[in-house]
Amino acid sequence: MYKLPLVECLMFGALISATDPVTVLSIFQELGTDVNLYALVFGESVLNDAMAISLYRTMSSVQSHASSGQNFFLIVVRFLETFVGSMSSGVGVGFISALLFKYAGLDIDNLQNLECCLFVLFPYFSYMLAEGLGLSGIVSILFTGIVMKHYTFSNLSEKSQHFAAAFFHLISSLAETFVFIYMGFDIAMEQHRWSHLGFIFFSIIFIGVARAAHVYVCANLVNMARPTSRQIPLKHQKALWYSGLRGAMAFALALQSVHDLPEAHGKTIFTATTAIIVLTVILVGGSTGTMLEALEVVGDGQDGALETIESNNGYIAPSYQEGTSSGSNLKMRLKEFHKSTTSFTALDKNYLTPFFTSQNEEEDVSDESMRTPSRGRFQDRA
């Protein structure tokens, strides 16, 4: 339909794989969909963005140095350097922020403004650090946010926690609104190349096919390692496949491709990406409510799941019933991997969380205060 060099095809594949289920997740929240399905869609989108950015930057670097004849091994090394380096810098900044807010003593009334300012600026510092090192600032800030929400947030004072939650909710809403407004203006004002409609049509077809292969295969692999009670049901797999909207991240990378690629190729990729975004948002986003009702996942056990998440920060490893599986090596390896993930959760609960947060110290102080009066009364009676 439209001939592109292999590297440019890989760049288009990388940028168009980034999903943006903002519309779908808002409908999930409104209709009360199962929280596990919500987590699957949201988590897949977040990791897709990180991988798409790293892959795009890697392929863009390969395309700009095409004459040097880099081999496949160097391409893989460059991708790992971008992704792992960005992730490490983001996680490192997040841990530093957790220790700072734990020991700096900023949770007092006089320093509340300083506490809030530092909490807001730390992710930006992570972004600037990664960009200064030639890495991906967006991937870095993603992992900084994960770490800061898990560890740093609990070290804030109660007022700062309320402010930070409201502030970031406001910023995210404004950013999402601005992106859609920007895309609307761009569709009306930018010059697009609509002469390759076949390229756009078959891109949409193969995006659906590739997503189906990815979702169903990965879900079945996960189910092989999980007990029956925690498997991903088929209706959730269908909803996950249907939720593959393209949005802000694909649009931003496609806009960048106009500058990274020859003008004709970049414009064609940008036009195709814009058309895919508009079609998926209108068609998929508009029919999500009907799809959820047809799959009968509306209100599917949300309350119980939310209670489990809110009441228990840790994780209890599920028990496996030996002899019920086929005994294949793949399934055993998946079980071992699942056990390793649960052991990491135990490591986080027993070591990382006490080290980076002040929760256990507060619990010890409260326990001590509960025990002290009883000792006094016992001594008075003596």
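Counting begins at 1 with the first residue displayed.
The backbone N, Cα and C atoms fix where each Cβ goes, and this holds for glycine too.
Bear in mind that the values here come from a model prediction, so they are computed numbers and not experimental data.
Taken from TrEMBL, the feature domain 'Cation/H+ exchanger transmembrane' covers 3-293. Residues annotated as region 'Disordered' in TrEMBL: 358-382. What TrEMBL records for 1-21 is signal peptide. Annotated transmembrane segment per TrEMBL: 76-101, 121-143, 163-185, 197-219, 239-258, 264-285, in sequence order.
At the 8 Å Cβ threshold, with sequence separation of at least 6, the transmembrane segment (163-185) lacks contact with the transmembrane segment (76-101), having fewer than 3 such pairs. Here the transmembrane segment (121-143) has Cβ contacts under 8 Å with residues 46, 49-50, 53-54, 57, 82-83, 85-87, 89-91, 93-94, 97, 152 of the same chain, all six or more residues outside its ends. Nonlocal intrachain contacts for the transmembrane segment (76-101), taken as residues 6+ away from its ends with a CB within less than 8 angstroms of a stretch CB, comprise 50-51, 54-55, 57-58, 61-62, 107, 115, 118-119, 122-123, 125-126, 129-130, 133, 135-137, 139-148, 151-152, 155-156, 356-357.
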